[in-house]
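**Student:** Sharing a structure, written as structure tokens. Questions coming.
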């Protein structure tokens, strides 16, 4: 049997006649899970403003550039005199905010490996349940144990969220046919932007008008939402179509036939040597590294530039702060649908679809960063560039972000664990590099260096991806190349032994793999 190296549209089995199937429910739940994950990740950045007694701590003198004229708009002085419960220095606030991240990063690879061995669904559900339950502990830890206990609780929340990306990837590999992956991947992972859009304004509203002093209600409300989702996910979702008791037979057949080889009950050991030699894997890895470095520059450093140089704080304006995330969320869904249309039309294969989508998602922000470094003192233009650049970045979800599923459906979660862990570590370099370049001299010229470096990282990694990426399932994940399982030996019956003059007969059973 010869299997095409690209998933061609005309080779896909007939779709079941239903608008909303079981796989669509799984996608919906994974989307909500991703949104919950990013709500839990970002809500502390809003809450900590209300938690800290701003007038009691010694504020470091912030250096501003005088190249641009001052402005009397865009600044919100409402909270300037807000007195929270805690006297935490700026450095201590940094430790609190980063504690979640460290717990999140160190569990990426372990959970990716465990999901491959034991299944992804329960790790994802129980991990998010731990994350959500510990949200209720945040106010108690802060009030009773201080910063140390709060850091410990946030670290545990990060540990619980570790499975979200690798396990989501592993489940998508088992549930989603190849020609639906672009839009499905875009929908699921755009939950990150959706969660951020919901979290930032709602957290601010709860901090001002919530119960128990305001800021604790942020964690109580989102903790309840996350707990309800986790329980619903564990009770109603299943690892794959085969184990789902209520899926329609025609849908199960469609999924299993589309995922050639994925229906096998036997998944061989991870081919580490082949993966280590795989250029398509390194293409995804570098694209992921470049994405996180560039994204952190866009979302964390550009607003700082606007405040220090342009004298305009976008973070104080709830609408403007959410606008880039909203643009990325909407654009990623559009690109996903267009990418799948390109595939189903039969005009473009998976390799070129991924490269085109990824080019939009990474070349676009690179150009936006370069333009932003030359906009001078134009505040409106800089806000527009920020929104367009982050919006175009949504193309990555139909690009490298879903490409793991193309090259290796059976090990997609493992590969995502490695690339996501590495990329999150690379994301730390963006604020470090920017801080060293602009320290003491936040001029337009110095900030231009920051933006151009990030743009070059985007351009290099995107180009490397375009040269070496592939949308074809790799030979080391081709079920036809799997070694047969070792034969098992059944003990002969007593009559068989006697019937052969005491000679023992063995019955060897070999599990043949289907594709």
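Backbone N, Cα and C atoms are what each Cβ position is placed from, and that goes for glycine too.
Automated prediction, rather than curation, is the source of TrEMBL annotations.
According to TrEMBL, the protein carries these features:
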TRANSMEM  20-39  transmembrane segment
DOMAIN    22-473  domain 'Major facilitator superfamily (MFS) profile'
TRANSMEM  95-114  transmembrane segment
TRANSMEM  123-142  transmembrane segment
TRANSMEM  218-236  transmembrane segment
TRANSMEM  322-344  transmembrane segment
TRANSMEM  380-400  transmembrane segment
TRANSMEM  412-433  transmembrane segment
TRANSMEM  445-468  transmembrane segment
REGION    478-515  region 'Disordered'
COMPBIAS  495-515  compositional bias 'Polar residues'
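Looking at the shown structure, what environment does each listed feature sit in?
**Tutor:** When averaged over the domain 'Major facilitator superfamily (MFS) profile' (22-473), pLDDT in the model lands at 84.
Long-range contacts of the transmembrane segment (123-142) within the same chain: residues 33, 36-37, 40, 44, 51, 85-86, 111, 114-115, 149-150, 152-154, 156-157, 159-164, 167-168, 171, 212, 215-216, 219-220, 222-223, 225-227, 229-231, 233-234, 237, each at least 6 residues beyond the stretch ends and with a Cβ under 8 Å from a Cβ of the stretch.
Long-range contacts of the transmembrane segment (322-344) within the same chain, counting only residues at least 6 positions beyond its ends with a Cβ under 8 Å from a Cβ of the stretch, are 7, 9, 12, 178-187, 189-190, 193-194, 196-197, 200-201, 298-299, 350, 353, 356-357, 360-361, 383, 386-398.
Residues 101, 104-105, 108-109, 111-113, 115-116, 120, 165-167, 169-170, 172-173, 270, 275, 281, 284-285, 288-289, 291-297, 300-301, 404-405, 450, 453-454 of the same chain sit 6 or more residues outside the transmembrane segment (412-433) yet have a Cβ under 8 Å from a Cβ within it.
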